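Single-structure report; data block below.
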Amino acid sequence: MAGGGAPAKSDEPQPHPPKDQLPNISYCITSPPPWPEAILLGFQHFLVMLGTTVLIPTALVPQMGGGNNEKARVIETLLFVAGINTLLQTLFGTRLPAVIGGSYTFVPTTISIILAGRFSGEPDPIEKFKRIMRSIQGALIVASTLQIVLGFSGLWRNVARFLSPLSSVPLVSLVGFGLYELGFPGVAKCVEIGLPQLILIVFVSQYVPHVLHSGKNIFDRFAVIFTVVIVWIYAHLLTVGGAYNDAPPKTQISCRTDRAGLIDSAPWIRIPYPFQWGAPSFDAGEAFAMMMAAFVALVESSGAFIAVYRYASATPLPPSILSRGIGWQGVGILLSGLFGTVNGSSVSVENAGLLALTRVGSRRVVQISAGFMIFFSILGKFGAVFASIPPAIIAALYCLFFAYVGAGGLSFLQFCNLNSFRTKFILGFSIFLGLSVPQYFNEYTAINGYGPVNTGARWFNDIINVPFQSKPFVAGVVAYFLDNTLFKREGSIRKDRGKHWWDKYKSFKGDTRSEEFYSLPFNLNKYFPSV
């Protein structure tokens with residue numbers, strides 16, 4: 001045929017069209033499952049978030065001078081505050097099914113406070129623990145103002161307006177993939193328990209549903225409960241059978257089911273309350289360092305919020321809603337400082353991955369999980385039973401959930417032009433630096449005991465070192481800067497970066513779906529301009 005090519009054959013493969021909402025989700029934000037199923041799914045979210053809730057205090061409290069009693073009280077407090085923050089976020093924040101729990105981002109700054117010289121002369125370990133806790137509380141209270149101001153004033157909305165699918169890929173992907181050191185390295189610390197858990201959850205969630213064809217999604221939806229119970233019983237049999245009696249201490253901590261020391265130490269009933277450790281103390285340098293950690297957590301949580309909306313099958317997150325969620329996350333950090341959780345709050349990445357595994361993005365399910373957090377934090381003995389799950393089992397779950405979140409970030413490539421050299425450069429350069437720069441900072445710190453920036457002011461060192469130890473922060477900042485400055489004036493760039501897909505969701509106007517997903521149950525516009 002003159003002047004043109006031959007028509008495409010009907011049987012030729014066609015590209016998959018981009019989807020602004022993820023299909024094949026069983027229950028989205030506003031469509032809750034039946035109550036019995038919702039309760040089980042909520043309990044599953046509670047089990048998943050316990051990993052971070054237990055591991056962070058377990059690592060920090062002994063360094064502060066506390067024993068098992070203090071560790072149990074801190075875990076209960078962190079669990080209680082996580083339940084409150086999750087309810088606040090799902091009711092008034094982004095209204096996404098996002099669990100708000102403890103964050104590893106605050107750990108380096110917290111350790112810096114623990115190592116401050118003014119605590120070394122305290123002979124009483126319990127009094128030393130309380131003094132350090134009060135200092136951490138003061139730093140968190142001051143740091144919370146950063147997210148509160150940026151969120152509720154709408155300033156973060158102005159930053160999020162320039163976020164595109166292209167710049168979101170490195171940020172969201174490394175929110176998940178960047179936590180690889182918490183995955184298989186934790187499994188390998190007790191391979192006879194962690195590896196069976198990893199293999200079993202992949203088999204039950206991915207293979208069994210396609211073999212049985214039950215149509216009820218039982219095994220893939222409740223795979224965490226099934227597999228954790230089986231492997232937990234197996235680990236307990238190894239423990240009582242004496243398999244680890246002569247093992248090294250690190251192996252016993254990762255493998256045994258009776259090494260947490262929480263069941264005997266936890267009270268039967270106790271309600272955490274503000275200032276339970278005493279009046280907070282304030283140090284200007286530590287407050288500034290914690291504010292930088294809060295800013296890094298803000299960037300990471302922005303990526304986690306994007307992953308959560310994707311797996312909840314919601315429309316793209318409007319900048320005003322993201323800003324509102326950051327404001328309420330700042331309130332969560334404030335509550336962490338008031339109650340004394342030894343750690344700040346951010347979006348739970350592992351629970352975002354659980355949304356993908358279950359294909360249930362219901363807001364009600366996550367609110368039920370918040371109820372479990374509050375309930376088991378008050379009934380300490382019962383909560384301590386679930387908190388005694390061996391860390392190797394938790395690490396195996398992390399392998400799956402963090403991978404899901406990372407893949408959720410890669411899914412935004414469907415909106416971008418992958419044939420553009422500009423796109424390839426921004427993606428490759430930002431992801432490479434996001435992995436390489438933190439690797440350098442972490443290796444330097446591990447070898448020398450301090451970061452590359454090492455002055456006489458510990459707080460100044462933290463302000464510089466902590467951001468560059470975060471993979472999603474480095475990758476996200478580099479991608480955001482390049483995407484908004486590199487050849488942006490050229491006409492085709494807007495489509496190359498996928499911005500035309502998201503611009504229609506900048507506000508609720510003309511989009512009733514976004515209004516349904518994100519609008520508040522009460523009219524709070526007069527109080528929060530970013531709404």
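Each residue, glycine too, has its Cβ placed from N, Cα and C.
Per TrEMBL, the range carrying the annotation transmembrane segment out of 74-92, 188-206 is 74-92.
Among the listed stretches 138-156, 222-244, 287-309, 365-386, 392-413, the one sharing the most Cβ pairs under 8 Å with the transmembrane segment (39-62) is 365-386.
Counting Cβ pairs under 8 Å that are 6 or more residues apart, the transmembrane segment (98-117) and the transmembrane segment (287-309) reach 3 or more and are in contact. Contact counts against the transmembrane segment (138-156), taken as Cβ pairs under 8 Å, peak for 287-309 among the stretches 222-244, 287-309, 365-386, 392-413, 425-441. Among 74-92, 287-309, 392-413, 425-441, 74-92 has the largest number of CB pairs under 8 A with the transmembrane segment (365-386). Distant neighbours of the transmembrane segment (74-92): 49-50, 53-54, 56-57, 61, 66, 98-102, 262, 266, 270-272, 276, 324-325, 328-329, 331-332, 335-336, 339-343, 345, 363, 366-367, 369-374, 376-378, 380, 383-384, 387, 520-521, 524; these residues of the same chain sit at least 6 beyond its ends, with a Cβ under 8 Å from one of its Cβ atoms.
Sequence-distant contacts of the transmembrane segment (392-413), counting only residues of its own chain at least 6 positions beyond either end whose CB sits under 8 Å from a CB of the stretch, comprise 22, 48, 50-51, 55, 165-166, 168-180, 182-187, 189-191, 193-195, 197-198, 201-202, 205, 224, 228, 231-232, 235, 254-255, 303-304, 306-307, 310-311, 349-354, 356-357, 427, 498.
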